[in-house]
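> Residues annotated as divalent metal cation binding site in Swiss-Prot, with sequence analysis given as evidence: 77, 78, 169. Feature annotation from Swiss-Prot assigns domain 'RNase H type-2' to 71-259.
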């Protein structure tokens, strides 16, 4: 074969099977560079196949429900139960039955760049998206568990059309009789995973904004979780207006600074 390595690389990017005549021709090329390109191409195909298989696995709950006659299946998830500061955010997403975007998974397993890209895709292709945000002061009043349910209900209330079935990550919500709670649902249901991405990106952007408003806690990086830098900020600056007073480290910091007044 007279093609250069760079030309072969470009051509292999268009090939989708080992049975392709060009791939077969490359297999006869004894150059080490071509051999490496073939190995890279095979690995790419394997990864793409894994992603397609994962997509089909994660659509199984939705597929079964569509076959039962349900039309608007909402997935619900939340982010922000554990942080010491900021709101808890929930999202609800209704996807069309032909949604086939690979790579959607539990938002915590995705890079920030991948989450941001999928966020835009979901917002564009979803039938409906709802977001519920429950602030720190309500969390302190009702506790984080109840606040999470409030956020989920608020997200579901925004959906138009209304869902006729609800898939929820982990916690029973009793929003409707037609609902199912799935442990680790964001790794099992495409709708819940999509909701986890919407919730995560929404909350992360809020915390990045709060980092500019309340510097000294590293909110842009820790998203309000109790990291070393965040705890150092509590020890040296005290609390800020978005801290959750009912959470132990925040309560202790408040008591300490109140005692100095």
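Each Cβ is built from the backbone N, Cα and C atoms, and glycine gets one as well.
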> Given the binding-site residues 77, 78, 169, and counting only Cβ atoms in the protein chains shown, which has the most within 10 Å of its Cβ?
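In terms of Cβ crowding, the pick is 77.
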> Please work out the mean pLDDT for the residues of the domain 'RNase H type-2' (71-259).
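PLDDT averaged over the stretch: 96.
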> Cβ within 8 Å of the divalent metal cation site centroid (77, 78, 169 excluded): which residues?
76, 79, 90, 91, 152, 168, 170, 171, 185, 186, 192, 195, 196, 199
